[in-house]
């Protein structure tokens, strides 16, 4: 039977519950336990798919096509375990399910209420993850902050969960803040005390406190927190600010988080194997020369909008012994200021995904700059579509070329709507989503990077390359290096005349892992290193890991 761990947060939002949950998952996995992690988000949206990146950050896409919270990306990267749509639960999806059941008459005329119907639905979602994953331990992160009205049904549900399983099958972790007051020179415990008091008033006594702080927490302070909060002193776990999120598992291991959780759950504390993770952190802290990568996007005011892209670049730099320096470039600024003022001195350019007209011409201009200046370039989703438009306009002679997303009446729609999207009206959850196969063309850079005939990548798009123009592109020098197995959909393109110019319709960033960088990102960084002084190496001379088999 599975064991269950619940992670709540107090005092402030964005306190790091997701990283704590992901780090615990890594620590448990390093001891031989299988884990699955889910997120309970207390907003009324059914999923974050239609939410603004400025409000929510990136939308992370799972293998089975769910549009989810970016924390699921952390879960996957830390545990190297694929999550599913079951691992993402929102208040909106809970209410939608309960209301649908009521409309079908499933409640036999009963009065449908938050308690017991909503809380029961929440508990059933957690049990469903357990049944589907067969994991030894299910970790559940509850979004929001204890004390928020919108989180109450979730907190009540995890309180009730004690009745579903044995007391030794469940553990509660509360992540809280210990602020330092400069004027008094003291770390204050009162916010933590009040947060635990609030949690207790709901009926939940935390078993472990993970205390965020920017400085060391001494034994005396831990004893004080233990006394006021009813938690064993050994279960007061300091979580100091870290130089990298990937060093957090090592810090929490040192402080004994995993040991305490296993003790509460009455599980054996096996030998911990973090040798590869420790080597990764050593490499991260001792990088080689810096590589400057420009990320040209629409949402650059909020870096979390491109979180997986940043992490994929970081993974590639770790593997290539490089220090990552990201230059955030607004696509709209390129339209007004020109690429020569914003992209000079850049070692590589990434144009990530997005939607709508705003900033598209700036992206196209940046791609032209990368092509003409022979700067390593990687386009993702909309980035590939912009690369296609740039080539059509400037090389293939189609000056009016564009996407039908940008101009429904375009004379040359080199990018057009997927046929199956023609009659779609709703925006949420209706795109081409999830994992699809891509057949790679032999003797192309893409094939060489992957080292596979067929790869599987995650998608999130409505528009595609228009095959009416395929012959024109190939004849003018474009190389189509990856398609759907039936050859109908163009998935990966490249320019053989360029040091590194490739773009894909999918989102490779979702599959990159700290110890297994995605081949396209690693290839980009390796190509960028050739532009650095005193870096005598050939592009792709290193044998890239067999990415898909190790996935």
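Cβ coordinates are placed from backbone N, Cα and C, and glycine is handled just like the others.
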Candidate sharing the CTP site with 13, 148, 149, 150, 188, 189, 190, 191, 192, 193 (per Swiss-Prot), from 120, 222, 224:
224
Pick the one from 458, 462, 470 that Swiss-Prot also lists for the L-glutamine site with 354, 382, 383, 384, 385, 405.
462
From the candidates 69, 71, 80, give the one listed by Swiss-Prot for the same ATP site as 14, 15, 16, 17, 18, 19.
71
In Å, rounded, how far does the Cα of residue 193 (UTP binding site) sit from the Cα of residue 18 (ATP binding site)?
22
How big is the ATP site in terms of the longest C-alpha to C-alpha distance among 14, 15, 16, 17, 18, 19, 71, in angstrom?
13
Max Cα distance spanning 13, 188, 189, 190, 191, 192, 193, 224 (UTP binders), Å?
24
L-glutamine site, defined by 354, 382, 383, 384, 385, 405, 462: further same-chain residues with Cβ within 8 Å of the Cβ centre:
353, 355, 381, 386, 403, 415, 461, 463
Local backbone state of residue 16 (ATP binding site), from DSSP in three classes:
coil
